[in-house]
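The active site, proton donor feature in Swiss-Prot is assigned to 61; the stated evidence is sequence analysis. Residues annotated as substrate binding site in Swiss-Prot: 10, 32, 59-68, 119, 180, 189, 209-210.
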């Protein structure tokens with residue numbers, strides 16, 4: 001699997017999600033399952049995606065006491081997902097315990113990624129929760145904390161990629177939502193970029209939802225994006 005594209009499955013019904021999944025090639029993307037779908041459909045849905053040979057990013061953004069998060073991460077590893085995430089704002093100890101619990105899995109452990117600042121958040125949103133810093137300042141602070149904890153990388157907006165790449169090095173994975181091909185709606189993302197621009201900036205993986213899932217021909221859009229990013 002070499003594709004950098006992660007397709008976000010944001011559906012209410014299993015049948016609708018699988019109808020989309022059955023139109024696309026697992027060699028051209030991975031799939032992201034978030035809170036809504038996982039809460040509704042559970043682990044059996046993830047298993048169905050695995051049966052179709054898709055790698056799965058389990059996007060549940062764990063944020064709790066260290067022991068609880070570590071156990072949840074272990075459960076995700078047992079499920080066989082490719083990537084799982086947690087909130088860096090849960091703190092260093094929470095992240096360290098989550099990383100440590102994956103050690104017995106060796107090369108079969110999922111990538112463990114931290115969420116820094118949600119891409120919908122702006123300066124005012126941070127100020128309202130007591131953080132007197134710009135989104136970029138907070139992202140950089142949490143990315144350094146994530147790296148200190150030994151995690152594999154962070155989720156960040158495309159505009160933050162170049163700074164994070166320089167600050168954290170080439171081996172630190174950068175997963176970027178807020179990806180919109182030219183001519184598509186920005187939706188509820190506030191900090192967005194085209195796929196080509198994001199890859200040039202240094203993104204490792206691009207999370208793309210509606211531009212693919214709501215397209216008349218999802219397979220063709222996916223193929224086109226893969227071609228555009230090389």
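Each residue, glycine too, has its Cβ placed from N, Cα and C.
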Including all protein chains shown, what's the count of other C-beta atoms within 10 A of the C-beta of residue 209 (substrate binding site)? 19
Might you list, by sequence position, any residue in that chain lying six or more from residue 61 (active site, proton donor) with a Cβ less than 8 Å away from its Cβ? 35, 85, 86, 87, 115
Starting from the Cβ of residue 63 (substrate binding site), draw a 10 Å sphere and report how many other Cβ atoms land inside it. 15
Let me know the most crowded of the binding-site residues, choosing from 10, 60, 66, 119 and counting other Cβ atoms within 10 Å. 119
